[in-house]
Amino acid sequence: MLLQDNTSMPNSTMFFLTGIPGLEAMHRWISIPFCTVFTVALLGNGTLLYIIKTEPSLHKPMFYFLSMLAVIDLVLSMTTMPKTLSIFLFNAREISFSGCLVQMFFLHSFSIMESAVLLAMAFDRYVAICNPLRYTTILTNAVIAKTGLAALARAVFLMFPLPFLLRRLPYCHSHIIAHCYCEHMAVVKLACANTKFNNIYGIIVALFIVGLDLMFIGLSYVKILGTVLSLASKEERAKAFGTCVAHVCAILVVYTPVVLSSIIHRFGHRVSPHIHILMANFYLLFPPMMNPIVYGVKTKQIRDKVLFLFRHKRI
């Protein structure tokens with residue numbers, strides 16, 4: 001009743017998040033895996049940042065970029081999961097229009113930054129394998145800092161117009177967002193006006209980010225593959241490939257849910273709404289949880305440090 005009574009409210013007040021449409025009765029049960037994954041993401045990325053900060057041997061470009069990725073994953077998790085869990089556990093569906101826009105801005109901005117950092121990590125692997133003698137002169141601390149700032153600036157520049165584009169729209173019909181968080185297209189669908197420009201802007205930004213970043217990542221790995229295959233011994237090739245495994249896994253972890261979610265959203269018209277929402281949450285939950293695990297398992301320095309800390313605490 002509360003949702004129905006408030007669907008005609010003025011623009012400047014409240015929106016209501018439904019959680020997962022069709023699965024409202026199971027929200028408390030769904031909260032258990034969500035809370036577990038959220039906790040693992042927080043602990044994993046927090047531990048990763050602590051290890052990189054306290055271990056001098058990890059003060060290298062690759063691990064600085066990994067630190068950026070961990071911070072981004074923490075922000076993405078904190079931006080959406082507390083509100084999502086409050087919906088599941090306490091039925092706290094209300095969110096102010098301004099709060100909705102802020103959540104949306106951080107969500108999309110840091111998603112764009114994540115893509116940029118993955119591209120920077122691909123460049124790091126390219127230099128390390130294809131031009132190892134110049135690695136330390138090319139990827140200096142200053143260059144790494146500028147790369148991080150450039151990733152932040154690009155994200156803010158592309159997402160800065162979004163809140164203003166949404167504020168100009170009237171929301172005279174439903175104020176119920178069929179989602180667990182404020183996602184751009186989910187809010188645009190509520191507007192009772194021509195949203196063609198918003199739709200085009202969203203598509204252009206998505207294609208620009210995913211298409212351009214993936215293209216340059218692909219080019220980096222084409223160059224890497226050519227260099228690795230030219231190496232004389234199998235041991236050298238295996239070692240070179242081994243340094244890329246964690247990054248390739250991170251790319252797959254981040255981009256696979258994005259592509260699957262996009263395909264289902266565009267072409268899965270017969271797919272139930274709760275599948276769309278679960279996929280969207282999977283895209284936000286899975287990478288922050290998996291990235292620390294992937295790098296912890298595949299990177300010897302991190303794995304050894306984690307084992308040392310674990311043994312030290314047991315003693």
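Cβ coordinates are placed from backbone N, Cα and C, and glycine is handled just like the others.
Pulled from TrEMBL:
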DOMAIN    44-295  domain 'G-protein coupled receptors family 1 profile'
TRANSMEM  29-51  transmembrane segment
TRANSMEM  63-81  transmembrane segment
TRANSMEM  101-123  transmembrane segment
TRANSMEM  135-160  transmembrane segment
TRANSMEM  200-219  transmembrane segment
TRANSMEM  240-263  transmembrane segment
TRANSMEM  275-297  transmembrane segment
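Beyond the ends of the transmembrane segment (240-263), by six or more residues, the same chain brings 69, 114-115, 118, 121-122, 125, 128-129, 206, 210, 214, 217, 221, 224, 227-228, 231, 276, 279-280, 282-283, 286-287, 290-291, 294-295, 298-299 to within a C-beta distance below 8 angstroms of the stretch.
In this chain, the transmembrane segment (63-81) lies out of contact with the transmembrane segment (200-219); the count of Cβ pairs under 8 Å, excluding pairs fewer than 6 apart in sequence, is fewer than 3. Comparison of 63-81, 135-160, 275-297 by number of C-beta pairs under 8 angstroms to the transmembrane segment (29-51) places 275-297 first. Between the transmembrane segment (275-297) and the listed ranges 63-81, 101-123, 135-160, the one holding the most Cβ pairs under 8 Å is 63-81. Mean pLDDT for the domain 'G-protein coupled receptors family 1 profile' (44-295) in this predicted model: 89.
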